[in-house]
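Below is one structure, written out as structure tokens; comments come after it.
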Amino acid sequence: MAVNRDIEKSSPVDARPETIDAPSISDHGEAGDVDLVQVESPFEPPDGGLVAWTQVFAGNLVNCISWGYPATFGVYQLYYKDWLQLPQAQISWIGSVQLFLTFVACTFSGRLADAGYVKTTLAVGSFMVVFGTFMTSISTQYWQIFLAQGVCTGLGLGVMFMPPLTVINSYFKRKRALALAIAATGTGIGSVIFPATIQYLIPRVGFGWAVRVSAFVALVICVIATIILKPHLKPRRSGPWVEWSAFREGPYVLFTMGAFLTFWALYFGFFYINVYARNVVGFDTVSSVQLLLIMNGMSVPSRPITGFLADYVLGPVNTFTIMTMILAGMVFAWIGIHTRTDMYVFAVFFGLANGAAQGVYVGALASLTKDPRKMGTRFGMVCTVVAFATLAGPPTAGAIIDHDGGRYIWAQVWAGIVIALGSCTLGMARIKSTGWRLKVKI
């Protein structure tokens, strides 16, 4: 890869200088009572228009795969439990490794996207996802499923996720959180389409063809997204893979810690709500999967709503902090759910809370990133840290459940406490950035 050391001075096409409000911070990195100062920025995104919103659509399609796939694992968890007759924690490792590698791969794909290899990176990730899904369809043993679904598909999901995120970020500023949240609705759509497809087709055509059909659907979606994705900024070809200076920024470090704690327990509901419904409440298999679909479907409308709140009312970091605390409350509420009616109501509100928290996650980090050309790198760094949380989270919950004889209460308590601690840490990131003033939109 040729290195162009002058590329750091490049500006986007049709860019013109602007000034933005930013908090003044002392030389020691402390933010006290914030005085707004004018900071030069060479970046002026279109903040709308046909091309910009087309990129949001491309991001929606990619999110449909990159995060819709992991949210589907609850269906696989139930099927593998009956088929392989293995402990919950062991089966959870497949989904956890998939999530782990999805986040880890974001580090490398984010830097490649910043360097201008947007379409190539997306195409490579798409190939790995489709190939891994086809290999899953012909797997008959645990280790084969682990390699195909956990490793190959997981890496592909992470590689394909970052290109549209960096592109969308370069097209928007004032509407950035809303645009990213709208793109994130693809997660909810994908997490309804794919589990419904798998659950509907398994009794009719078998597990193999059910998975292959989902692979063909993913292939079509990936091809469309690759065609319409169009970078806006000139690439940042020089620069490190890891921006170590970011870890000297107090708000960034605290945000990373908060994200780690939140995602440590966030996928507990995705992996176990249908298993809980069947094993504890008494749902049959089909009805238990319907709960997962309801939960995933309800995350779709909550994402753009929180995106609007983040852009026009509260600010992305404030919104993310509040929504994660609400999510923690919903996990604690799960402890008291023991009837079929309660489970359906809980699935609706838990899905809304989960979608609200995840929908503004990227926008919150973007608000802490002043140079959009570094968005891929900085977000990838956070994803690498979060990866270890997603790797340990579901197996931790599964181990707690197995150790307690199949009871879920202590796993629910663990998840609620961890997410609440994550929300508090995000609040500390906000205070570190703006001080103790309440009426500050960040």
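Just so you know, the numbers here start at 1 and follow the chain as drawn.
Here the Cβ of each residue, glycine as well, is placed from N, Cα and C on the backbone.
Predicted automatically and left uncurated, TrEMBL annotations should be read as such.
If you look up TrEMBL, you'll see 1-19 marked as compositional bias 'Basic and acidic residues'.
Residues annotated as domain 'Major facilitator superfamily (MFS) profile' in TrEMBL: 52-442.
The region 'Disordered' annotation in TrEMBL covers 1-30.
The transmembrane segment annotation in TrEMBL covers 91-110 (among others).
Marked as transmembrane segment by TrEMBL: 117-136 (among others).
Annotation comment: TrEMBL describes 142-165 (among others) as transmembrane segment.
The transmembrane segment feature in TrEMBL is assigned to 177-201 (among others). Packing against the transmembrane segment (177-201) from elsewhere in the chain are residues 52-53, 56, 59-69, 71-72, 74-76, 79, 164-165, 168-169, 171, 209-211, 213-214, 217, 270, 286, 289, 292-293, 296-300, 303-304, 306-308, 310-312, 316, 319, 355, 358-360, 362-364, 366-367: each is 6 or more residues past its ends and has a CB under 8 Å from a CB in it.
Among the features that TrEMBL reports, transmembrane segment is placed at 207-229 (among others).
Positions annotated as transmembrane segment by TrEMBL: 250-273 (among others).
Annotation comment: TrEMBL describes 312-337 (among others) as transmembrane segment. Within the chain, the transmembrane segment (312-337) has long-range Cβ neighbours (under 8 A, six or more residues past its boundaries) at 177-178, 255, 258, 262, 265-266, 268-269, 281, 306, 343, 346, 349-350, 353-354, 356-357, 360-361, 363-364, 366-368, 409, 412-413, 415-417, 419-420, 422-423, 426-427, 429-430, 433, 440-442.
Annotated transmembrane segment per TrEMBL: 343-367 (among others), in sequence order.
According to TrEMBL, the feature transmembrane segment maps to 379-401 (among others).
Here TrEMBL flags 407-429 (among others) as transmembrane segment. Packing against the transmembrane segment (407-429) from elsewhere in the chain are residues 250-255, 257-266, 268-269, 272, 276, 280, 317, 320-322, 324-325, 327-329, 331-332, 334-335, 364, 368, 396-397, 400-401: each is 6 or more residues past its ends and has a CB under 8 Å from a CB in it.
Long-range contacts of the transmembrane segment (250-273) within the same chain: residues 29-31, 70-71, 73-74, 77, 92, 95, 99, 191, 291-292, 295-296, 317, 321, 324, 327, 331, 334, 347, 350, 354, 357-358, 361, 364-365, 368, 378, 381-382, 385-386, 388-390, 392-394, 396-398, 401, 408, 411, 414-416, 418-419, 421-426, 428-430, 432-433, each at least 6 residues beyond the stretch ends and with a Cβ under 8 Å from a Cβ of the stretch. Using the rule of three or more Cβ pairs under 8 Å, pairs at least 6 apart in sequence, the transmembrane segment (91-110) is in contact with the transmembrane segment (379-401).
Long-range contacts of the transmembrane segment (117-136) within its own chain (CB-CB distance under 8 A, at least 6 residues past either end) are made by residues 62, 65-66, 69, 105, 109, 144-145, 147-149, 151-164, 166-167, 211-212, 214-215, 218-219, 222-223, 225-226, 229, 231, 235. Within the chain, the transmembrane segment (379-401) has long-range Cβ neighbours (under 8 A, six or more residues past its boundaries) at 87-93, 95-97, 99-104, 106-111, 158, 162, 165, 242-243, 246, 255-256, 259-268, 271-272, 362, 365-366, 369, 407-408, 410-411, 414-415. Mean pLDDT across the domain 'Major facilitator superfamily (MFS) profile' (52-442) comes to 88 in this model.
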